[in-house]
10 protein chains.
Amino acid sequence: MNKAEMKQAVLAAKRHGGLSWSDIAEAAGLSPEFTCSACLGMNHLEERSATAVAELLGLSTDVADALQTFPDKSWVNTIPTDPLIYRWYEMVNVYGETIKELIHEEFGDGIMSAIDFTMKIDREEDPKGDRVHVTISGKFLPYKSW
Amino acid sequence: MNKAEMKQAVLAAKRHGGLSWSDIAEAAGLSPEFTCSACLGMNHLEERSATAVAELLGLSTDVADALQTFPDKSWVNTIPTDPLIYRWYEMVNVYGETIKELIHEEFGDGIMSAIDFTMKIDREEDPKGDRVHVTISGKFLPYKSW
Amino acid sequence: MNKAEMKQAVLAAKRHGGLSWSDIAEAAGLSPEFTCSACLGMNHLEERSATAVAELLGLSTDVADALQTFPDKSWVNTIPTDPLIYRWYEMVNVYGETIKELIHEEFGDGIMSAIDFTMKIDREEDPKGDRVHVTISGKFLPYKSW
Amino acid sequence: MNKAEMKQAVLAAKRHGGLSWSDIAEAAGLSPEFTCSACLGMNHLEERSATAVAELLGLSTDVADALQTFPDKSWVNTIPTDPLIYRWYEMVNVYGETIKELIHEEFGDGIMSAIDFTMKIDREEDPKGDRVHVTISGKFLPYKSW
Amino acid sequence: MNKAEMKQAVLAAKRHGGLSWSDIAEAAGLSPEFTCSACLGMNHLEERSATAVAELLGLSTDVADALQTFPDKSWVNTIPTDPLIYRWYEMVNVYGETIKELIHEEFGDGIMSAIDFTMKIDREEDPKGDRVHVTISGKFLPYKSW
Amino acid sequence: MNKAEMKQAVLAAKRHGGLSWSDIAEAAGLSPEFTCSACLGMNHLEERSATAVAELLGLSTDVADALQTFPDKSWVNTIPTDPLIYRWYEMVNVYGETIKELIHEEFGDGIMSAIDFTMKIDREEDPKGDRVHVTISGKFLPYKSW
Amino acid sequence: MNKAEMKQAVLAAKRHGGLSWSDIAEAAGLSPEFTCSACLGMNHLEERSATAVAELLGLSTDVADALQTFPDKSWVNTIPTDPLIYRWYEMVNVYGETIKELIHEEFGDGIMSAIDFTMKIDREEDPKGDRVHVTISGKFLPYKSW
Amino acid sequence: MNKAEMKQAVLAAKRHGGLSWSDIAEAAGLSPEFTCSACLGMNHLEERSATAVAELLGLSTDVADALQTFPDKSWVNTIPTDPLIYRWYEMVNVYGETIKELIHEEFGDGIMSAIDFTMKIDREEDPKGDRVHVTISGKFLPYKSW
Amino acid sequence: MNKAEMKQAVLAAKRHGGLSWSDIAEAAGLSPEFTCSACLGMNHLEERSATAVAELLGLSTDVADALQTFPDKSWVNTIPTDPLIYRWYEMVNVYGETIKELIHEEFGDGIMSAIDFTMKIDREEDPKGDRVHVTISGKFLPYKSW
Amino acid sequence: MNKAEMKQAVLAAKRHGGLSWSDIAEAAGLSPEFTCSACLGMNHLEERSATAVAELLGLSTDVADALQTFPDKSWVNTIPTDPLIYRWYEMVNVYGETIKELIHEEFGDGIMSAIDFTMKIDREEDPKGDRVHVTISGKFLPYKSW
């Protein structure tokens, strides 16, 4: 079972079981964000988490195995088309140089890791219309000179 | 004076004056993130803020005028090359579908606005190496049916 | 049933039943434009509308379910090839800067929403050859400063 | 004087003179939309209109000449980057097939002309936030068989 | 039956029946050029022509139906690879500006329609080697000002 | 003097002198189509023609020299943007396979030369709107087997 | 049987029969280079050659028919990836302008035909390591003026 | 003096002096093909050759220095546009797999070097029209296993 | 059995048998790096190695045959997406000119072969976090002049 | 002084002074590889190193300042064209999946850092032709789950 088949199986079982990503994350003992990304095939789970997710969803050990496989991260559109994801792409390009300026000012020359990295997505209530509140934390990695 | 010339003038004056983005933001009465993006030419400032920034930097009213012009937002590389910005591009593509799943689960079909939007970048102290802490808040906009 | 299969099923049933988009829209209680876009897989319908559309077309609940799924909006050609759609692409590029100038003059810096958005397509009779009359209405969203 | 220099001269004189596109259009005897597109270099003006525009703006006959030159319509970004223009690009791709379906149903096989074409952009007042109201009219052209 | 399947069926039946495009065009009551383009899926036929073509080729009414469907015109290679078609692409790019100059001189600002359009391909006998003689006629459409 | 400077000089002198492409072609002793393409830098002229064109336009021998240089044929947009030229690009892609079918049926496997090639552009009067009439003649070149 | 299936059948039969391209070429009465290119689907064979090749390989008349079909020449990678083919692509780009200079000096303005063309590939023994010796002959075609 | 300026200086002096590539090559003590590629900036010359070329052309030691600089080989069009060079690009793609098959059959798995490589371009007289005769020799390099 | 099927078969058998790349390499009598690349379809193995690998993995002679086939090296993403491989792509672009400078200084004008080439990947223990230690050795090939 | 001007100044002074990268690296107190990359504008130097490099080269403090600026890492060709750098690009794509397999087997899921990273380039003497010996060391970074 490859990652694409695993993803379809998980999404179908989630819908059928009326489960939320929080329910699945609780079984995995991880955050909804990471758990969801693993179920979509972009991260892997450790054995304990993978087994718990498969059991909660009533899926076979094939799914648990596929969840543990190290993924090959790839995407089809170099520029995303879905409006929700494109807005993020736009944000990275409109504010990319700003982010670079501010990180360099605070930390020096280096990057914010996309590997040692966490993300949290919440609802932020607002009388003018609720907002999506995102918290991202990435380790600063200074460029090494040698 | 166009936005590119304005940006060079601001960066040179900032370096020469030993000012931080917080100093400039304080003069503008805005956040460092928004102020920096306006100085880089990706947003505009209202007259009062533009004048204050130009004065703090010891720059002419041409710069203040240019800061008030509505920008034409554009970028050269559809896929960013600088490692710091690429890591964000990678994050959007690795986690884009995850973000879509979680926002749709919480809010229904719609997007997170990149227009009614704020961003904050902080240092998060960590004994294993300090981290870049980012907070983003974008208004949820449901798709309209008609 | 995924969106592509749903689309084929709807188009086949529509042809077989000799129905127009207005007929289907009436069942959905929505405009022909929005209803058509949902049947083509680019928007979703609420349960009541989805069920009514499926019933009118004599299709299974699988179709009704698929109509309710939140779509992943994507397109194959970054530059459209079909002459009808290319003419719109050309219009956006020839008049894009004009539209930007006029909206900025009237409303200030911001965008016209493609989410809180409606479109209507009508026949405009004309002795020199009938015309396609299009009315688009998108909410103005000012850029937020912070 | 080429179209790019002409455009810069017109925009500078417009700003300096505190004129609106409606003012300039009135001098040209045309709509603000068409007049603006010609001043940006994407259409040409007839001699009378070109002269009147140059005079109103206090510009030389070089500008009037350049306004009358037939343009070479071109754009740099095959996918627009500015958020305002991108939203239109997105709209064309999300709704392109819908537009095609509805025009074909009403008119038969053919296209909506981007040459014999008009566009009008207005403010639509709305208590929940004003909207951009756009009216487009393009002649239907049936495919010729032979 | 979609256009791709229809095309394969027509080409196979044509080869099997030893028919020429002129034979098929005669049945359709149209030119070989237009008839061929419709059989390849790039135009549609009216019912009478479609039925006559299907009958001549000994094909089912499914083929006749598919011939009547309005096509979605698309192509895979933005730059053609087959040498015969590439030579035309090269011709358009080498002589494009020349064509534009001469049409503008003769007709004013506008285009030559690719919709109200005919094409004829003939053998031109020549002792130094026969030539392909092509006649194209497209309606001139002036840009509308408004 | 390179080809780009030569082209600007020729176009300016032509405008200033109120000359048509036919006038210039007559001086060159060639067709307007070929002469125009050489003046735009996409072909070269023999010495006699080049000198005659430069003299008619009142230009220096630098221009005559530049007209005789063998050109490096290149174009910026792999997909043309100007509507007039794009319509030809569209025509090549919509009818490319049709052209290939008909040439192969008549001549066998081979191509129509874009080198041993002529083109003529005329006005075709038509009560429903005049048409652009184009005649192209290219030598058929059979693929060699060996 | 399409060209892709034909190619697989020929390659399998060649491997199974332990035949070389020279053996197959001998049956076809043509060079190994041309015969190989036809078997790979990039050229067609005349009936006699096609039949002889199919017989030698013990393949059906379907293969012989497919070998006679006029090919649609296409390739997937606009920049080849396989190192052997990329080296040729690199050679064309590094030496392309040199080839153009030398052909223009010797022959005047024109091209070297890729249609009336032959190629031969041989081993060139060399004590420092054997070399691939390639001989290409293409007819010079002068640009026609008219 | 960079390679682009050097190239312009060499081409101008060559034209002015009425020299052929053979004349220049003789001075360099190398083939016309290699000498031409070095003068166009795609290879470097050893000191003796560079000095001799500069002297023959009556150019300064700056040119001789620039001829000795190791080049950065680059090209603008990933797919060549000039018809002469495009025909070579087409040849590489039409015959690339054939070349690979024949080299692998004769030599085993490996490549033909584009570094240890020579090329010769000659006129091949032919009553049906002279031909360009090209001889290429590249060292075969077997893939190393380890 | 093609290379893609072979790769799947090898990876499945390796997982099932609990073997490491070192185990497989030992059977092949080659390094883990080269053996792995051959099993992934990017190199071929000699008969002895191929047979030994197939036997160790308990796979059929079809796999052994496929391992001996000369590969067509190709990749889907011209810019890799997987973060691990992208980091290498980034390294080549950030340090490419540095590598060129240092090789040219040490060896003169030429390249480092990617054909006569070896690579070794090891763990380098480090108290601050273990490192990937890579050793690459490629034969220097000087550009030939002629 | 920007990075591009700095690079030209350094390269010219290096050539003029007859210095090697090792000489400059010794002044900087760093490796030749890192020092070279900083001089080419792809890394920055600390003040002490930057001053020492500028002094050794006899360049102004402007150069020393520019060497200390944090770079914006960018490159023009997404696929490198220079043969030396392309060979590395090819190596990354041919062996990318192999590298991923072996790192994952040894370290688990994660990447090899291109930030905490060193590279060393040496001559490896070999009777069959000297080789370029490259040693790369990058910290392994495991994907974080949360």
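Residue numbering: from 1, along the chain as shown.
Every residue gets a Cβ built from N, Cα and C, even glycine.
Note: TrEMBL annotation is automatic and uncurated.
Here TrEMBL flags G:74-146 as domain 'Cyanate lyase C-terminal'.
What TrEMBL records for G:R87 (among others) is active site. Sequence-distant contacts (6 or more apart, same chain, Cβ under 8 Å) of G:R87 (active site) do not exist in this structure. Following the DSSP three-state reduction, the secondary structure of G:R87 (active site) is helix.
For G:E90 (active site), the number of other Cβ atoms no farther than 10 Å from its own Cβ, over all displayed protein chains, is 23. Sequence annotations record features per position, and here TrEMBL assigns active site to G:E90 (among others).
Within the same chain, residues at least six positions away from G:S113 (active site) with a Cβ under 8 Å of its Cβ are G:G138, G:K139, G:F140, G:L141. The annotation active site is assigned in TrEMBL to G:S113 (among others).
For chain J, the nearby active-site residues by a Cβ gap under 8 A, listed in sequence order, are G:E90, drawn from G:R87, G:E90, G:S113.
Secondary structure of the domain 'Cyanate lyase C-terminal' (G:74-146) per DSSP, as helix, strand and coil residue counts: 25 helix, 27 strand, 21 coil. Model confidence over the domain 'Cyanate lyase C-terminal' (G:74-146) is summarised by a mean pLDDT of 97. Listed active-site residues G:R87, G:E90, G:S113 compared with chain F at a CB cut-off under 8 A give G:S113 as the close ones.
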